Number of protein chains: 2
Amino acid sequence: MDLLKEKILKEGKVLSDTVLKVDSFLNHQIDPLLMKEIGEEFANRFKDEVITKVLTIESSGIAPATMLGLSIGAQVVFARKKKSLTLSGDLYTSQVYSFTKRETNEISVSKDFLSPDDNVVIIDDFLANGEAVKGLLDIAKQAGCKVVGVGIVIEKGFQNGGKMLREQGVRVESLAIIKSLKNNTIEFAE
Amino acid sequence: MDLLKEKILKEGKVLSDTVLKVDSFLNHQIDPLLMKEIGEEFANRFKDEVITKVLTIESSGIAPATMLGLSIGAQVVFARKKKSLTLSGDLYTSQVYSFTKRETNEISVSKDFLSPDDNVVIIDDFLANGEAVKGLLDIAKQAGCKVVGVGIVIEKGFQNGGKMLREQGVRVESLAIIKSLKNNTIEFAE
């Protein structure tokens, strides 16, 4: 997705060989028009599938997932990293380790919002080691959903999450795949 | 906003005299089309103001804030409740007590994304005691922004946040104001 790659080149900051900061449009400040284009691009990538629900995880997955949901007319569910007083009742849960926050979170989705009738696309902002997506796949499996694929805004192609998922037969659609961040330079995969 | 009130009456669950669960369209599952309508309604309420930035807090404020941003062509910034590796550099911070999660969070916004030139609207899903909005107002004040108003999806009119803010001269636009949740019944203010 050229618009996204241009934005990454223009505003992304390489913090190390493995960390790319895109806080100006995706993870802290959000560019709503870009999110709309991203939602429409995901819709286009999965246009051969009937999608009944978009599954993501708080917080940075919410904006692109909501724009995909708007584009295809599907409801969006975001997994919670913490329990709140109103997240009660029966829950699907899974364990997710976050390398950027250096902690394990138990993520939860209410059983009210995923069922065996659902065809789900999983959306997230970044794919690195694939921990968050693995947790969401686990929750979808517990719910008996069919997962039609995974949509990622930025995949770090030099980490193993994408390879691991594709080897398991999961369809992964990444809008930008970064090959390397070495020498303070952002290099995309073809 | 009639569409929102109908949705609250149809899907909202009264958990106690003070807690309303709207997990099916706002706090856990998100209805993207309703969020778009909510964003457009906020844009309409604030149409007499020039807004350069929408400020909210993760996670449930993100979807309505992004839709407002899309509607008016403004960037959205969401305050973080936790620090991540990539949220580095100079931060504005404030303390926010959450009654639903029974904990105090330090919320943070990077100094990169708010400046004295900004005219800000603050968006949140719920207004109860006003703790989150107070924290966001504090951050906007630290940044030297002008806050043109606060947009709330659901205000609990029987709690003191709305009164406290309006007495301070803050413009509060709530799309639905709940007068009472007593007797397991949702009653709206006029």
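Each residue, glycine too, has its Cβ placed from N, Cα and C.
TrEMBL lists B:Leu20, B:Asn27 as binding xanthine, and of B:Lys141, B:Lys146, B:Lys156 the one it places in that same site is B:Lys156.
Counting Cβ atoms from all protein chains shown, B:Asn129 (5-phospho-alpha-D-ribose 1-diphosphate binding site) has 17 others lying within 10 Å of its own Cβ. Note: B:Asn27, taken in sequence order from the binding-site residues B:Asn27, B:Ala128, B:Asn129, B:Gly130, B:Ala132, B:Lys156, have a C-beta within a distance under 8 Å of a chain A C-beta. Here the binding-site residues are B:Gly130, B:Ala132, B:Lys156, and the one ringed by the most other CB atoms within 10 angstroms is B:Ala132. Broken down by DSSP into helix, strand and coil, the domain 'Phosphoribosyltransferase' (B:33-157) contains 40 helix, 47 strand, 38 coil.
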